[in-house]
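Chemist: This is the structure, below, for whatever I ask next.
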């Protein structure tokens with residue numbers, strides 16, 4: 001069997017070498033590694049190397065185009081029969097690569113419009129098999145993604161979905177359109193093409209072991225990497241394209257958990273024996289750490305994953321289908337002639353999961369949302385899960401949310417933002433975009449808010465390890481307890497980041513609300529109008545009484561009541577206005593403080609995860625029960641200090657207090673505006689009363705001064721000049737003018 005790896009990647013520059021090589025081959029390898037070019041084509045580096053094959057990365061200096069070329073170096077060490085088989089397989093792969101040109105999820109062959117360069121490529125080695133020219137994928141492979149520190153316990157749900165969706169399409173295309181069974185599916189053979197926007201496209205590659213798949217089963221040699229091939233391959237050698245479905249299931253489990261599902265550290269014999277007899281719904285097999293002769297069938301995912309609860313539940317049900325040991329059941333077709341494995345996967349890939357962070361409970365919530373779901377349905381679920389009163393719930397959308405604001409007509413599906421499911425550090429780095437950790441924040445709004453911080457829980461395995469319950473300290477057990485502890489550390493880091501982000505978003509939301517709501521402008525406008533009308537009425541009444549002392553236009557009690565009401569409402573308006581201004585200043589200060597806190601927290605390794613990962617997973621240090629216990633205690637101390645002495649303790653309460661007072665002040669504004677309306681009516685009635693009294697009085701022979709003619713009123717900045725004379729007809733006109741202003745102003749909308 002000849003294995004050539006071509007995971008075309010700029011990441012992790014090491015060369016992967018498979019197969020045994022003689023000293024002669026090693027010398028040739030060193031010679032071939034010398035970087036040289038041909039024309040405009042620069043040879044960048046070797047991507048993959050085997051005993052017979054080589055994959056090279058090239059870049060065109062003029063156009064910037066990048067390609068990968070796959071070669072057979074020499075076949076002299078093979079028998080004539082082996083050379084024929086290799087040639088047949090090679091030419092099939094060459095032809096297949098040309099079939100993939102228009103399919104986005106398979107690495108395709110490409111054309112080179114440079115016959116001299118193509119001739120050079122074909123003449124590089126003694127083997128006369130034609131070069132295979134392929135598109136170059138610049139983002140590494142999925143194996144490298146699984147090996148990154150943030151993915152030690154599996155990938156994020158977003159990336160899992162993206163990879164499974166791409167692999168499902170690639171396999172269905174190969175099986176149904178090309179009649180090809182890949183036979184060597186594994187994370188190493190799923191490569192990544194990263195676009196200029198940083199987004200990733202996943203592509204299946206390496207068809208060195210692929211063969212045509214007739215409808216009937218066929219006897220084949222055992223190929224593929226042992227942890228990914230189906231039990232029937234080893235059991236009897238009879239298999240068909242359903243072996244790819246099994247490998248698909250193994251990859252799916254590994255993507256989610258970071259581990260292989262079926263006792264990978266055990267002997268091949270133990271693995272196969274347990275696979276053959278496992279129940280249909282079993283999705284993993286583990287070794288009992290207290291009895292290494294006992295193996296346990298698992299029907300649920302381990303808790304150390306990064307999936308949302310609703311999606312994890314559906315994923316677990318689906319996973320039993322591709323991991324069914326019975327290949328006939330595994331390959332069942334749905335009504336549309338698509339394998340049930342693919343049809344059921346399509347359903348869960350279409351699930352929309354709304355992510356929420358309940359700040360008062362310091363808890364992440366996740367709900368599957370659909371077009372039929374209402375906000376009432378969502379609120380009922382939140383109340384059930386948090387124990388908060390529905391009337392006390394306050395929703396805050398992240399600043400950049402496309403829905404902008406929640407209205408009575410909003411639906412939960414409108415709050416879902418698909419791209420925000422991608423919260424990985426890798427995406428943040430390449431897309432230059434930092435998605436919020438959730439799609440919605442919820443808070444409790446009342447005078448004294450309740451706060452609860454859930455306690456992190458060490459796995460049972462870790463607790464038993466610390467208590468020295470295990471006689472054996474095998475490497476797999478060491479690694480598992482380290483991964484369990486790392487999961488606790490990373491989850492707590494993520495929880496604290498969500499808490500701080502929520503506090504920051506609430507401060508931003510309050511500031512925006514205060515700036516957008518024109519309460520101060522409304523109060524100022526009404527205060528100016530009322531003050532003007534009151535001053536006009538006072539001047540008019542004073543002059544009228546001076547000119548007609550014998551006639552009392554209004555009673556003293558009526559005037560005192562008006563004066564008392566006027567002074568009260570003006571003072572109330574000033575107080576409310578002053579408080580609103582103070583709230584806005586405080587909100588701006590809170591925004592500055594929480595912006596800085598959020599930046600610091602997101603850039604800091606709060607619980608020293610990197611050191612822990614490097615020491616025990618990169619450098620392979622052996623962890624003892626006492627060391628694990630010490631790490632757990634240090635984590636507990638750091639966590640206690642953060643939640644009880646850090647800014648995240650007092651900031652929420654300060655914002656709570658400000659929000660509650662602002663909320664109560666908002667409730668008083670409609671009352672204030674109604675009081676403005678009421679006093680307008682009072683002034684209107686007094687003006688009307690004066691008008692009627694003046695109309696019944698014989699007009700005195702007095703002339704209005706020029707100041708009366710200059711009286712001007714506007715809704716923007718009303719003004720008037722005092723007058724020193726009064727005639728009945730002018731008194732009526734003046735009263736009517738004031739009345740008209742008040743009538744018009746009483747028609748304004750109130751909050």
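Note: Cβ is positioned from N, Cα and C throughout, glycine not excepted.
From a predicted model like this one, the values you see are computed outputs, not experimental measurements.
Copying in the features that Swiss-Prot gives for the protein in this structure:
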ACT_SITE  184  active site, proton acceptor
BINDING   47, 48, 49, 50, 51, 52, 53, 54, 55, 70  ATP binding site
DOMAIN    41-341  domain 'Protein kinase'
MOD_RES   202  phosphotyrosine
MOD_RES   221  phosphoserine
MOD_RES   225  phosphothreonine
REGION    489-510  region 'Leucine-zipper'
Chemist: Checking distant contacts: for the region 'Leucine-zipper' (489-510), what same-chain residues at least six beyond its ends satisfy Cβ-Cβ under 8 A?
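Modeler: For the region 'Leucine-zipper' (489-510), the far contacts come to 150, 153, 357, 359, 362, 364, 396-399, 436-438, 441, 443, 456, 587, 590-591, 593-595, 597-598, 601-602, 605-609, 612, 635, 639, 642, 648, 651-652, 655, 658-659, 662.
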Chemist: Given the recorded positions 49, 184, which one is most crowded in terms of C-beta atoms within 10 angstroms?
Modeler: 49
Chemist: So, three-state DSSP: helix, strand or coil for residue 53 (ATP binding site)?
Modeler: strand
Chemist: Do you know offhand how many angstrom separate the residue listed as 'phosphothreonine' and residue 184 (active site, proton acceptor) by C-alpha?
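Modeler: That separation, Cα to Cα, works out to 7 Å.
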Chemist: Restricting to the domain 'Protein kinase' (41-341), report the mean pLDDT as a whole number.
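Modeler: Averaging the confidence scores along the domain 'Protein kinase' (41-341) gives 88.
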Chemist: By DSSP, how many residues in the region 'Leucine-zipper' (489-510) are helix, how many strand, and how many coil?
Modeler: 22 helix, 0 strand, 0 coil
Chemist: Take the C-alpha atoms of residue 202 (phosphotyrosine) and residue 53 (ATP binding site) and report the distance between them in angstrom, rounded.
Modeler: 24
Chemist: Mind giving me a neighbour count for residue 47 (ATP binding site)? Other Cβ atoms within 10 Å of its Cβ, every protein chain shown.
Modeler: 23
Chemist: Tell me, how many other CB atoms lie within 10 A of the CB of residue 225 (phosphothreonine), whichever protein chain they belong to?
Modeler: 16
Chemist: Do you know offhand how many angstrom separate residue 47 (ATP binding site) and residue 184 (active site, proton acceptor) by C-alpha?
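Modeler: Here the two Cα atoms lie 19 Å apart.
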